Amino acid sequence: RQVCIRDIARTPRRIDVLGPSLLAVALTALVFTLLRGQEQGWGSARTLTTSIAALAALVLFIAVEHRRRDPMLDLSLFRDRVFTGTQIGSFTVQASIFAMLIYVSLWFQDGLHYTALKTGLCFLPLVLPILLAGPLAGAIMDRLPKGLLVSASLALLAAAILLMRGSTSWTDLAPGMLLAGLACGIALPTLGSLAVDIPDERHLGMASGVNNTVLQIGFSVGIAAYGAVVSQDTLFLIGAATALTGAAITALLMRR
């Protein structure tokens with residue numbers, strides 16, 4: 001069997017140095033604000049300064065990318081509601097559950113005094129459903145609207161995180177982990193497929209890069225935000241609220 005790969009015309013492009021630099025400054029200032037805001041005080045001069053710096057750098061980034069002929073990020077991609085919803089969904093999955101697992105891992109080791117090996121094994125109820133649900137997502141992706149799959153899986157993820165709330169042992173967490181694994185196993189392949197389902201094939205690489213970057217941003221911002229949370233109970237409430245908000249927004253953006 002022969003496979004023909006169609007060549008996509010390429011044009012010389014100038015490297016965008018300023019755009020990525022501004023985005024890096026914005027994200028660094030935002031993460032620093034979230035990490036140190038609780039310690040330094042949310043109304044302190046340093047916290048306000050880094051918050052303003054993050055906002056200013058983000059606004060400048062958008063302005064620069066909008067004006068450049070060869071931007072790192074073509075903002076016209078976000079005119080597509082499905083593409084925008086995909087990025088929100090990807091951010092939500094990372095920020096709501098995967099960032100939270102860092103603190104769950106610390107709780108296993110510092111609170112329950114599990115070894116590193118035992119802690120790793122405790123995450124199997126989450127990992128195995130992700131692996132098993134992947135083929136299921138592929139099978140139903142062509143039968144149901146992808147936007148519906150994304151919003152439904154995020155709503156399921158919110159329910160799973162709420163199920164983990166109030167846990168005092170691994171056995172309490174396990175049912176919620178199983179449900180969260182199923183939700184992520186459906187959401188992630190669907191989001192990956194939607195990320196490159198764009199009209200302009202010249203932007204396929206950019207679209208894929210944006211989605212991968214958003215995943216990392218969601219993880220980083222989630223870790224920083226959860227670091228400011230005092231109680232375990234609040235941690236799960238914020239995670240569930242994040243997932244539920246993502247479900248609502250993606251449902252609105254991706255409806256046909």
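Cβ coordinates come from backbone N, Cα and C, glycine included.
Per TrEMBL, transmembrane segment is recorded for 15-35, 47-64, 85-108, 114-140, 147-164, 176-198, 210-229, 235-254. Residues or ranges marked as domain 'Major facilitator superfamily (MFS) profile' by TrEMBL: 82-256.
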Which of 47-64, 85-108, 147-164, 176-198, 235-254 has the most Cβ pairs closer than 8 Å to the transmembrane segment (210-229)?
85-108
What parts of the chain pack near the transmembrane segment (235-254), using Cβ distances under 8 Å and only residues at least 6 beyond its ends?
81-82, 84-86, 88-89, 91-93, 95-97, 100, 103, 145-148, 150-152, 154-155, 157-159, 161-162, 164-166, 222, 225-226, 229
Report the listed stretch (15-35, 47-64, 147-164, 176-198) having the maximum count of Cβ pairs within less than 8 Å of the transmembrane segment (114-140).
176-198
Same-chain residues near the transmembrane segment (47-64), Cβ under 8 Å, at least 6 residues beyond its ends:
18-19, 22-23, 25-27, 29-30, 32-33, 36-37, 40-41, 71, 75
